[in-house]
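Quick notes on the structure that follows.
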Amino acid sequence: MRRRDVLILGAGLSGLSAALRLSDLDVELLEASEVIGGRTRSRPLPGGAWINYGAQYVTDDRPTVVEMADSLGVELLPSEAFEDYWRMLLPTDPGARAEAERAVARIEAEQANPRPMTLPELDGQSFADWLGPLSEEAADYFDRVCQLMNSSSIVELSAVGGFWVWGDQRSGPWNTPDIPRHDRGELIVAGGTGELAAAAARAAGVPVSLSTAVTRVRRDGDGYAVETEVRGRPEEVWARRLVCALPAPIALSVILELPPWKREALFAVRYGRWISTPIVIAPADQAPAPFELVASRPRVRYNADSWMARTPGDMAAGGGCFHSFMADAAARVVWDDSDESIKSGAVRAFLAAHPEYGERIERVDIERWRYGLPQYRVGLMRHFQALSEAVGGIHFAGDYTLQSNMEGAVRSGLRAGEGVAAAF
């Protein structure tokens, strides 16, 4: 059995951030998939464009992500793709639009009034109930924005969760002057978001074991034995300390002997699924083979962001990629449909919005994210502080422990790394 000072379970952005902090120790990363980076996965395309399968952009309330990128030499580019996204999605009907704008004013008034997030009127009722009766078009507007930002319905989100995902910052539910920000505007990662994860792995310089799924964690002497499955073959690794950067449901299923308070907290975490269907557009002077459509479901929202996320540059002339994705409400409906059907549904929705690219679709990819985004569900806040608490020598990281985005992933990994470092 291999022996390490520290094992980091999961090589997404939170695990990699912990590895950066702990690189002076004997550390190994264990990752179930064949690639690092988790939901930052991306792929370069010929000509300089790229495909993002997950995380897309860095808003001005993500200063830790920007600091990490700068320290690693990762280029960040300005982008306005998601600027004022919630205004662009407002209902077109004047009455429904006015109704939605009145509700937005109520939200902003609440965001200016910080108070304990565990209050029953904040954590104990849904965002939908807090909003109150709305026309179908106005309610759909709020549901679309919440699906886009947290892969959650207004029925699933708590009231405070709705405040958290709304507006120009998502670091917390309250709009106060002390929210950390950078001064470079909205940014994207040049070459794809996965470049940030790749640079972090290089800088950490620690071993990474891919295709290594953690199946069980048990106490063993003054440390922990981690049972894994490596391409169907069982292996064990031992370490004095662990950083668990697995999704909460997986952590709950593999770590034995967790105390009841920790099990209850992890059980409270729910994830919204999403399905990425990036659509690659060929340059204007190329003529790819026609994309062959098959049957897809009617009345399913195969795209969540109205085609806002895309690679920079002149798409009309040089081509590029629309980083299309489906949020939880639609992803659940089609989850078990064939890849071809889901891709075809995405292409039909795309061509309805952008018929000018009908003869230029070069490829369509697909990636299902079972653990897409941790949701700010009703009742979560009473467990929230416990999510990040260590249990013995196991330290917990992941955006579910802090905030549901890249900033939360990075900061939680650094925090867990600090906790482990203090023990050595």
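Each Cβ is built from the backbone N, Cα and C atoms, and glycine gets one as well.
Note: TrEMBL annotation is automatic and uncurated.
For the FAD site, TrEMBL records Ser14, Glu31, Ala32, and the single candidate of Val189, Val206, Val214 listed with them is Val214. Under the three-state DSSP scheme, Ala32 (FAD binding site) falls in the coil class. For the binding-site residues shown (Ala32, Val214), fewest C-beta neighbours within 10 angstroms: Ala32. Other Cβ atoms within 10 Å of the Cβ of Glu31 (FAD binding site) number 24 in total over all chains. Phe325 (substrate binding site) is 24 Å away from Glu31 (FAD binding site) when you measure Cα to Cα.
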